[in-house]
Amino acid sequence: MHLSEITHPNQLRNLSLSQLRSLARQIREKHLQTAANSPVGCHLGPGLGVVELTLALYKTLDLDRDKVIWDVGHQAYAHKMLTGRYHNFHTIRQKGGISGYLKRSESRFDHFGAGHASTSISAALGMAIARDRRGENFKVVAIIGDGALTGGMAYEAINHAGHLPKTNLMVILNDNGMSISPNVGAIPRYLNRLRLSPPVQFLADSLEEQLKNLPLVGSSLSPEIDRLKETVKLVTAVQNNKAGIIFEELGFTYVGPVDGHNLAELLDAFELAHGISGPVLVHVATVKGKGYPPAEAEQVSYHAQSRFDLATGKPYPPTKPTPPSYSKVFGHTLCKLAERDPRIIGITAAMDTGTGLDKLKEKLPDQFVDVGIAEQHAVTLAAGMACEGMRPVVAIYSTFLQRAYDQIIHDVCIQKLPVFFCLDRAGVVGADGPTHQGMYDIAYLRCIPEMVLMAPKDEAELQRMVVTGIQYTKGPIAMRYPRGAGVGVPLAEEGWEPIPIGKAEVLRSGGEVLILAYGSMVHPSLQAAEILKEHGISTTVVNARFAKPLDTELILPLAQQSRLVVTVEEGCLMGGFGSAVGEALLDADIRVPLLRLGVPDVWVEHATPEESLAELGLNSVGIAERIRAKVEALQGQRASQAQAILGSS
């Protein structure tokens, strides 16, 4: 059977092992061809590692009834191909195409959407409890990676499920030893020992079957069989690094470890697990990037890939040179400063490469901490370090810092601790879509007392703000910066001067329209000013630098002299930078028209950053068009008012 003929996952139920193996090969081929030719890139390693797992599991389920919850979602590419999306799989992560993650609105087989890690067991348990309350009996399966299992939420769900012995729930642990980078911590180390242990549950259940088949006495031995099963499991566990005992003690029946690329073994394990009452965990050992040697060899870089040569695995060179990314400039600058200040500690939550902290990890490993997928712990860990005089720098994507909001308020801000938050991927992130957009940090941080917010206009100003953040000791401070390449300005290797807290700068003066731009929107605003000049509209452009505190000493007098004030930000309008300016104008009783440009109250779907910014009107052309339309509308209003005055006289 060809993969293109699969329109419903239940078609797998009647296929032979050889047919499943053929589908596994086809899935990998389709995935690789799509990744190699994608204009926006896509996740690769995670999906290649779960092909056999997906096929074997779906063969044992009735997916018209049963529900599978995938953690994060970037490991669910085979799932997408098997659930009616094969023919448009080539559009994945592109504007108007299918999502790179699971979306309930995209398919009836996507039972729970996710882009952040560690949520699957909680969601699956909720569905299982609801099922039992309604008296139904479908199966619920959560598939979670060992990286996501470093997140505390996963253990909260396991703790809850373990106290519900009558609630049937299967958790499949997809253990490849990686998140994006290699996993850290005691739990991954424990799981790695389990990967090397022979199956435990198989031994116990095999013994039970043999004893029950004894003539005359087999059926009367149930209590003794149970005790003997436990003895076998305990003895086996002790001999094999106590395999699975943690999960057993938490109330789960442990099955595994199972070879995640052996279809026959997977089928046996899943059928066995389906027959076990209560919560069960199936431990499946997989290889990230399985079936594509370059991805198996370079598991970090092939977690996700842009266009590459399928024959060699090497990425195609860029069509033109690009400036270094904000992340790389941040990592380089922090590393330079850390070399001279041993108090500086870089902290990340399983994203050392993505945040640029890999350079610090390599050069100064004693000044680098990776906590795993544990943002809450990262923030409070930093708070504890700050209490002891260290200078913790928490580098986290804007979207992931949301997960530690209580810790920011309760553990950092209330205590006025000098923790420096560096929010990568702030604003539009592109093909990852709404689960990863960094739209909300200005709003959710601006409302917190003691918090300082800043954003650089370019990569050179970012270097100065890194110094500013480290030197600021009066309380918490946050810096946001976008994904991707910098503007292309010259960069100094040292001698970066801090920026005075709350001080903006005028970049262009003398206009009747005042443009207050924040962070990544400064350069598009300067370009928009040139476009407006061609239409006879003069502008003053200010690099705000700080959303909190605002430079009211600079902004308010300029606003009083202007016919229109415009704020531009790459973030949500509700509660954002524009709201801060509006509040300041209102408090000062300055009555001037205000145009706020930013992200409206909508979810921004996946597309390239350029496509998203154009659609939002946040590129130079869009900014100029919105301002020009507003100026013309105001001129029309003034003309109408003047005409009304003349008419009344």
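Placed from the backbone N, Cα and C atoms, the Cβ positions cover glycine too.
Here's what Swiss-Prot has on this protein:
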- His74, Gly115, His116, Ala117, Gly147, Ala148, Asn176, Tyr292, Glu375: thiamine diphosphate binding site (BINDING)
- Asp146, Asn176: Mg(2+) binding site (BINDING)
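For His116 (thiamine diphosphate binding site), the same-chain residues that are 6 or more apart in sequence and have a Cβ closer than 8 Å to its Cβ are Val72, Thr399, Phe400, Arg403, Thr435. Remark: of the binding-site residues Asp146, Glu375, the most isolated position is Asp146 (fewest other Cβ atoms within 10 Å of its Cβ). Taking every protein chain shown into account, His74, Gly147, Asn176 are the binding-site residues, and of these the Cβ with the most other Cβ atoms within 10 Å belongs to Gly147. Note: the CA-CA distance between Asp146 (Mg(2+) binding site) and Asn176 (thiamine diphosphate binding site) rounds to 7 Å. Largest CA to CA distance in the thiamine diphosphate binding set (His74, Gly115, His116, Ala117, Gly147, Ala148, Asn176, Tyr292, Glu375): 32 Å, whole number.
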